[in-house]
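Asks: I have a structure here, written as structure tokens, and I will follow up with some questions on it.
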Amino acid sequence: CASFLITCLHVYGSDELTVYIVHVKGSEDVTFSAAEQWSDWYCSLLNSASEDLRIVYSYRNVITGFCARLRQREVEAMSKLDWFLHAYPSPVYRPLTTHTPEFLGLSQPSHSVWNATNMGEGIIIGILDTGITPGHPSFDDDGMPPPPAKWNGRCDLNASACNNKLIGARSFVNYDKVTRRSTATPVDDEGHGTHTASTAAGAFVTNASAYGNARAITASGMAPRAHIAVYKVCNEDTCHGYDILAAMDAAVDDGVDVISLSLGGPSADFHSNPVAQGGFKAINKGVFVSCSAGNTGPNRGTVTNDAPWLLTVGASTTDRSFLSTVKLGDGQELDGESLSQPRDFESKMLPLVYPGHATGNENSSFCLSGSLDGVDVHGKIVVCDDGGNGKAEKDDVVKSAGGSGMIIVNSPDFAYSTLVEPHLLRTSNVPYADGLKIKAYINTTSAPTATIIFKGTVMHTPHSPAMASFSSRGPSQITPGILKPDITGPGVNILAAWTSAFEVFSGTSMSCPHLSGVAALIKKAHPDWSPAAIKSAIMTTAYATDNSRGPILDETPPGRLVRGRSWSRGPAEGHGPRTRLRPHAPRLHSLPLRPLRQQPCPSYSWRTSELLLREEHQRSRAELSFHIGQAAGDPFDAGQLHADSDQRQGAKVDVPGDG
């Protein structure tokens, strides 16, 4: 491909090489069966005459095009050629960092979704992430059948590492264009990919726990008998768009049924967004694509992976808590959480101090390194504001200064979302509102005292699920008319496999594979359904109420406007200033295991009376006819629905289609 590039260099001069994704006009006369033939064709378009090839990947399934290391001026010259469509610099994505099958109603004895779908047997879920930990018990293949005949992938691990559960493992990190192989192994060095893979389709593991907490009789993924194919696209916390696109291209070729993508990147026009572009073609080829919504909430317009054809998944809580209750000297008891639950911590009252108040120094309020010098915290419980540094560093700072315990107070934005971590000290992470009560007590008491009471893992927490404050919110920055995320799933304090044993983590990275597994179950129950039909079924059969039969609550600060007209604000009984959600943040509770026709829509205040699916020209479309309120028999009018959205409690219709 070098002769064209050398010409451009001669004309325009030199500048920095950047990886560009280049879209090429397809030709009806060009049909190749091997990837090498596509690469040769792309090179021929550039009049290749040298070994100095800068093409990194050749794509053939999810886009027609390639990615190459180019200079901006070379791209400008290329844009004048008749085969050129579009080019853009490859963006960088980041990873968006059990009991949940029961919480989602998958294993109810009376109407077990697992029984009806044989736990997703025969469905292949492709995980694009940081890799996999082979040999982990979550990927044991005991009782698993071989992969279906359509499987066309490969395993780049040791021969014994893959099995009938983990059927494929490839890496696209540090890809060598000559050998067409990655120089890295698919082994997960971070843990993120192992966590997401086991959440989607991990096998049954008895006595799974993290630090002695969240101990389950048996933990599993959402589709325990589905097959897993792993595509490593991230090196540490960097995931290049061109690697992601290549992995999607390979996954479609390999024969996966579902692609799960727990990664997020900058908002970009859909034509310059590799996930949107790759997802569109993958869906047209019958592959369901589930993506994380992002962890930059609660501000509006922060959602990522917002193309309408993708399933965009927000994060919410489960009904499990790791309680560590702060008891103040005046008798107040305020519930917080901690993953460390020591059993030898005496519940005697200790002196309580807030360094930020004692010094007037903002650094001291965050317990930053060196900020407690000169502050008497020895033998005391220290109050630290969240932010400024990591919770682990706060641990070190307080312990080094002689503190005996720590209370971490959420920031105003995080409000009620408490994300657990293991701690060196006896610790409780409390909501922002409770932190204000603790500080008020300190400020009005001459000798404030407190203790922390560790209550372990507590189930059936009321008012669950609740929307996590960090979960990114819509609308889409690119197309504000698109209401995103589509749905929420468990994403707070989720127990799943890690590089060593099990870990608890939070994020939309954790909620996405929950819905990927659910999509696999629906695909098993209805193999003829298109990805758009599965997406619609998930959204229109989800609940908008919590386990207390009230509206789903939002853990954002009071008064913050979220989700435009689809959500509303207002106090919720028993939870002070938490905000109340209208029905477009449903939790998945029931699955459409019967035909969609005449199914109720518990997500909304009205019912679907007819949903007719049909295939036209091998592309998924849907025709919907709704009887709304008293207007039985009237055709569905999207404009009228939008006009009446306030009266209809923010109802939103997703029409399955090809985007």
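Placed from the backbone N, Cα and C atoms, the Cβ positions cover glycine too.
Pulled the feature table from TrEMBL, pasting it below:
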{"type": "ACT_SITE", "residues": "Asp129", "note": "active site, charge relay system"}
{"type": "ACT_SITE", "residues": "His192", "note": "active site, charge relay system"}
{"type": "ACT_SITE", "residues": "Ser509", "note": "active site, charge relay system"}
{"type": "COMPBIAS", "residues": "577-587", "note": "compositional bias 'Basic residues'"}
{"type": "DOMAIN", "residues": "19-93", "note": "domain 'Inhibitor I9'"}
{"type": "DOMAIN", "residues": "120-545", "note": "domain 'Peptidase S8/S53'"}
{"type": "DOMAIN", "residues": "350-436", "note": "domain 'PA'"}
{"type": "REGION", "residues": "549-589", "note": "region 'Disordered'"}
{"type": "REGION", "residues": "631-659", "note": "region 'Disordered'"}
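How buried are the listed features, and what sits near them?
Replies: Sequence-distant neighbours of Asp129 (active site, charge relay system) (same chain, 6+ residues apart, CB-CB distance under 8 A): Pro95, Asp188, His192, Gly193, Thr196, Ala197, Val230, Tyr231, Lys232, Val233, Cys234, Ser260, Ser262, Leu263.
Model confidence over the domain 'Inhibitor I9' (19-93) stands at 75, taken as the mean pLDDT rounded to a whole number.
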Asks: Test of understanding: give the count of other CB atoms lying within 10 angstroms of the CB of His192 (active site, charge relay system).
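Replies: Taking all protein chains shown, His192 (active site, charge relay system) has 28 Cβ neighbours within 10 Å.
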Asks: CB neighbours of Ser509 (active site, charge relay system) within 10 A?
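Replies: Counting Cβ neighbours of Ser509 (active site, charge relay system) within 10 Å gives 30.
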Asks: Across the domain 'PA' (350-436), what are the DSSP residue counts per state (helix, strand, coil)?
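Replies: Within the domain 'PA' (350-436) the tally stands at 24 helix, 21 strand, 42 coil.
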